[in-house]
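Peer 1: Reproduced below are the annotations present in TrEMBL:
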DOMAIN    5-137  domain 'Nucleoside diphosphate kinase-like'
BINDING   11, 59, 87, 93, 104, 114  ATP binding site
ACT_SITE  117  active site, pros-phosphohistidine intermediate
Ligand code: UDP
């Protein structure tokens, strides 16, 4: 059975462009409850750890630069079937392939600078939430 929790980041490009409010509004209007949230900035070590699975990929250096260049909004979200429903809401990794109305279609500039992160499994949702939040910051 699928879980009720996912983890998201509104990435530096989305914050720079002033899209925090609009994106959070779309997330909550889609039935997700925010159970943890903060504005924070990842260090290089943070980004290298968070995206360690991609460390051999050619885009890894650019990804780390991008994710550390300014603040992000980190949040934990709850809803039935959260991981899958949130990935549907954000759309494909490449905004050119993302469905109309999805967050990436509306706010992402490119496959690299794609506005928002969503966990890809229940297990990773737990790991990523714990990476960014202490237990007392999650409600
Ligand atoms: N990414 C990139 N180039 C690529 C693929 C991915 O810069 O060709 C970046 C992009 O920011 C993406 C992140 O790496 O969101 C993680 O990639 P993943 O394949 O896990 O995509 P996601 O799960 O975020 O859709």
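Don't overthink the numbers, they just go from 1 along the chain as shown.
Just so you know, glycine gets a Cβ as well, placed from its N, Cα and C.
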Peer 1: Could you check the binding-site residues 93, 114 and say which one's CB has the most other CB atoms within 10 Å?
Peer 2: 114
Peer 1: Do you know which of the binding-site residues 11, 87, 104 end up with C-beta under 6 Å from ligand 1?
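Peer 2: Among the binding-site residues listed, not one has its Cβ under 6 Å from ligand 1.
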Peer 1: Let me make sure I understand the span of the ATP site: among 11, 59, 87, 93, 104, 114, what is the greatest distance between any two Cα atoms, in Å?
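Peer 2: If we measure all Cα pairs in 11, 59, 87, 93, 104, 114, the largest is 21 Å.
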Peer 1: Is the residue listed as 'active site, pros-phosphohistidine intermediate' helix, strand or coil when read with DSSP?
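Peer 2: DSSP call for the residue listed as 'active site, pros-phosphohistidine intermediate': strand.
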Peer 1: Run through the Cβ atoms and count how many others sit within 10 Å of the one on residue 87 (ATP binding site).
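Peer 2: Here the count is 16.
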Peer 1: So, by DSSP, how many helix, strand and coil residues make up the domain 'Nucleoside diphosphate kinase-like' (5-137)?
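Peer 2: Counting residues by DSSP class gives 65 helix, 24 strand, 44 coil.
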Peer 1: What's the CA to CA span in angstrom from residue 11 (ATP binding site) over to residue 117 (active site, pros-phosphohistidine intermediate)?
Peer 2: 7
